[in-house]
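One structure is given here, and the rest of the page talks about it.
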């Protein structure tokens, strides 16, 4: 409208209507206009009318296309409409559109750059966490090496002393005998004084001979996980050498097996070519209930599913950090993984895709355990425990009470009670019926690394036996708990270094424990005594029983897996 007024003023002035031109200019506020009057050519009013007709035609043409007419005209200024023809205006619109598009692309690129920076920061956080864990592992191994060296020196000193005594004809003192304080009928009585089991004499006959031990060699780094197939004689192991292995262990004694030659083995490579890539460390593994599929979790954040013939069936990728724990549900249709990226994922195994990701924790997830086929518990370095259900967007239960990292969670055989252990030196028992813990078990003096329920009580194959909870600690002890009353039954003191693993025999009568002191102890739950003992060449990370209960497998820091014959 302002441009039209300028054109009219010019027309009136040229025609001699000076007063009319002044009046029109005053009313139009032409003195406030930013357009230089010298730039307005003569006869602009007629030109403006002509332009109007032309732009009606231009608008009609544009309206027949997909272009946004209103947007196109917003690129133009009033002076442009007067001083430019249609072709020039179209070129101006085209160029200004290009400029606007470039600006939008720059904004998008800035947003992408922000996302990339965010991803880089997240990856740095995960790398710091991985470095912290690796440093912790390294220190533990250095401690173990140092202790091995000290033990070897003591053995040499002892041998030298025995030689000196033999030369002098002296008789060495007997080893310290086992001291047991217990009730007459064993550990099952409620309210009984807890037993204290001292280190047994090495001269006792419970030491397993080398002829009853099969050593499985082949891994090129420490072996941190092992598990027997629930249905056969297959034993799986996972190592820091970026491989898992499936060993076929023949039935019968170790002596018979060794006479038949070395165990058959399948190597499951998690990286092509060289096998020393740290990011591919196999950290955890688990068989499905039918024993037909093996799942492995790795430092690279991927879960892999293998057949019993060593075929890679699926690679499950979504985590952005190492997987520390994974478990099949009983039905075998879901696989649950917990990761350093603070999330747990339920995978639909048949569809080979993730079903649901649970993002509730604020720290790395250390352990996961199914309650039934659709609900499970997770624990984390954030001191929290969440019970989640497939299909639910929020936890169905939150257990808060630990004051340190929660290292392990395990449901009892009936799925009614959840046990947890923590760096806060406590174990706790929780129920879905209440918010606060049922029992706070505080008898250990250092961090509790793991715990297990006995396969006894209602809903098990041993329904008439007492349900017992075992906890293993860095204080070198294993403790047995009566969960009906929340009391300590006994303390098993047969190790000299942190105990990393415990496992009950299938009949619930024995407990195997493995420690960094290189020893595997098998305890009788009737009297708390060590009935079998084996000393290997490396710290023990995990122990497990086969389904018949006549063999115990253990994986260690010296790159081997050992299989012990157990027959009483």
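Any Cβ shown, glycine's included, is placed from N, Cα and C.
What TrEMBL says about a protein is an automatic prediction, not a curated fact.
Annotation comment: TrEMBL describes 97-195 as region 'Disordered'.
The feature compositional bias 'Basic and acidic residues' is assigned by TrEMBL to 97-167 (among others).
What TrEMBL lists as compositional bias 'Basic and acidic residues' is 174-184 (among others).
Sequence-distant contacts of the repeat 'WD' (216-257) (same chain, six or more residues past either end, CB-CB distance under 8 Å): 141, 263-271, 275-278, 280-287, 289-291, 294, 296, 298, 306, 308, 310, 538, 541-542, 544-547, 551, 553-565. The repeat 'WD' annotation in TrEMBL covers 216-257 (among others).
Per TrEMBL, repeat 'WD' is recorded for 275-307 (among others). Beyond the ends of the repeat 'WD' (275-307), by six or more residues, the same chain brings 130, 134, 220-221, 224-232, 234, 236-244, 246, 268-269, 313-317, 319-328, 330-332, 335, 337, 339-341, 347, 349 to within a C-beta distance below 8 angstroms of the stretch.
Sequence-distant contacts of the repeat 'WD' (316-357) (same chain, six or more residues past either end, CB-CB distance under 8 Å): 122-123, 126, 129-130, 133, 281, 283-290, 293, 295-305, 363-370, 372-374, 376, 378, 380, 388, 390-391. The repeat 'WD' annotation in TrEMBL covers 316-357 (among others).
Same-chain residues lying 6 or more positions outside the repeat 'WD' (399-440) and placing a CB less than 8 Å from one of its CB atoms are 363, 366-372, 377-381, 383-387, 446-453, 455-460, 467, 469, 471, 473, 481, 483, 486. If you look up TrEMBL, you'll see 399-440 (among others) marked as repeat 'WD'.
Helix, strand and coil counts under DSSP for the repeat 'WD' (441-491) come to 0 helix, 23 strand, 28 coil. For 441-491 (among others), the entry in TrEMBL reads repeat 'WD'.
What TrEMBL records for 492-533 (among others) is repeat 'WD'.
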Summarise the repeat 'WD' (492-533) by DSSP state, stating how many residues are helix, strand and coil.
0 helix, 23 strand, 19 coil
For the repeat 'WD' (216-257), how many residues does DSSP put in helix, in strand and in coil?
4 helix, 19 strand, 19 coil
Calculate the per-residue pLDDT averaged over the repeat 'WD' (441-491) and state the result as an integer.
95
DSSP-derived helix, strand and coil totals, residue by residue, for the repeat 'WD' (399-440):
0 helix, 21 strand, 21 coil
